[in-house]
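Down below is the structure, laid out as structure tokens.
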Amino acid sequence: MLGPKQSLPCIAPLLTTAEETLSAVSARVRGHIPEWLNGYLLRVGPGKFEFGKDRYNHWFDGMALLHQFRMERGTVTYKSKFLQSDTYKANSAGGRIVISEFGTLALPDPCKSIFERFMSRFEPPTMTDNTNVNFVQYKGDYYMSTETNFMNKVDIEMLERTEKVDWSKFIAVNGATAHPHYDPDGTAYNMGNSYGPRGSCYNIIRVPPKKKEPGETIHGAQVLCSIASTEKMKPSYYHSFGMTKNYIIFVEQPVKMKLWKIITSKIRGKPFADGISWEPQYNTRFHVVDKHTGQLLPGMYYSMPFLTYHQINAFEDQGCIVIDLCCQDDGRSLDLYQLQNLRKAGEGLDQVYELKAKSFPRRFVLPLDVSVDAAEGKNLSPLSYSSASAVKQGDGEIWCSPENLHHEDLEEEGGIEFPQINYGRFNGKKYSFFYGCGFRHLVGDSLIKVDVTNKTLRVWREEGFYPSEPVFVPVPGADEEDSGVILSVVITPNQSESNFLLVLDAKSFTELGRAEVPVQMPYGFHGTFVPI
């Protein structure tokens, strides 16, 4: 661990505007890249943080920069390009921030009169299409996604936007997450909110697996189920959800979106982020929906207040749903990711890090068929391998206490986030391993493999380097869960060192090779591997 007098290294260069690499550059390979590993590693994240004299406030606000590593027969090339969203083009043309983002309110056009600038406060805000969170797939096509109603369809070879898609033109939702789930046949599931006279609802969305016509996007999408928010004007914020073979699991957590503050944010001169608050006086609730019928199950499952961004996996066993989540006990971390905080150095940076809640993996068990005659105060979980409990209360609610899927050694790694599994074979199934980033800094500074059965860790770390979310790619035809490789983009603020694509053997968690590119890259969010 860091000693008491050793400050965290400054990472400001990882959170500054980068240049595009429009022409593919060949990487210098050290070690070896497996010959069978042929495809694209696609990643996205914020890559431009100012226009003219205007500066973004929050890390999440930066313009989407698309990254592509192409692997073919042991060689690797890299290129990148800013997503040509309407927001990016409007800001570029105006030479200023024209469209507001999560943590930055666009100021009125300085060329307008004082009266015009005042009146512009009362005009409805333009929703950003700066989709900088993840690559997602619908009907075989790839889209850039965030949490608004807009997605951008992209040509993954050229990194060019081909179409802008609005969820609200197809179904009655005001957005959708950047973390959909997929059935083996390609059917996609997602979640999005809707707002109406009766308050706010959380909607389960289903998108068909295939196109009926060549030009289709998300045609045929439908709302499978609508779940009323516990508080009409304060729905919960969520970033992902869980899915098993038969059920969708939604976690309604006490991070609240105050709709009135969000609606009036422009008038009040505040960004969207001002309307989000951590309210731990509320407990966390789990909602379970049958994927096949759209029926919301009657079980009322509650737990302590916590924040989760990413679910790890969920599966069914002995009449229960088991769901594993990365959890924080304090939900105020969103505000800490102001760029002025992330770019600090020395004691100031240390103080920001100390305020950040650490994220740890926890397992919850939700018994599905609870008899009205079930005894109060009794643990209803039959799972001998988990210490997670589900206890019926006097009011019929079921109180769920989690099992920690870690030992003290994970605390020394700063917790874990950006969890990934062998999704193609083990999503929605009982599994043994997941992979993530350790956080001894404000961004990931290690890669970790967790064995959820015995809670042991394997760790990869290189001092002064910061790895991205790990992506698991299975060996073709492999039977074992961890037979494959881990891909991660590893970057450094040290200008004399090269950034690189790291390839780890997933089983031993040792390095097979790396592909170095002398290109500046900002720290990003999510990505995916696409075989070719």
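FYI, residue positions are counted from 1 along the chain as it appears here.
Glycine residues also receive a Cβ, built from the backbone N, Cα and C atoms like all the rest.
Quick look at what Swiss-Prot annotates:
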BINDING   HIS179, HIS239, HIS310, HIS526  Fe cation binding site
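Apart from HIS179, HIS239, HIS310, HIS526, the Fe cation site neighbourhood in this chain, defined by C-beta within 8 angstroms of the site C-beta centre, holds VAL133, ASN134, THR177, ALA178, SER240, TYR309. Under 8 Å, Cβ to Cβ, and six or more positions away along its own chain, HIS239 (Fe cation binding site) finds GLU147, THR177, ALA178, HIS179, THR308, TYR309, HIS310. Mapped onto three states, the DSSP output places HIS310 (Fe cation binding site) in strand.
In the three-state DSSP classification, HIS179 (Fe cation binding site) falls within coil.
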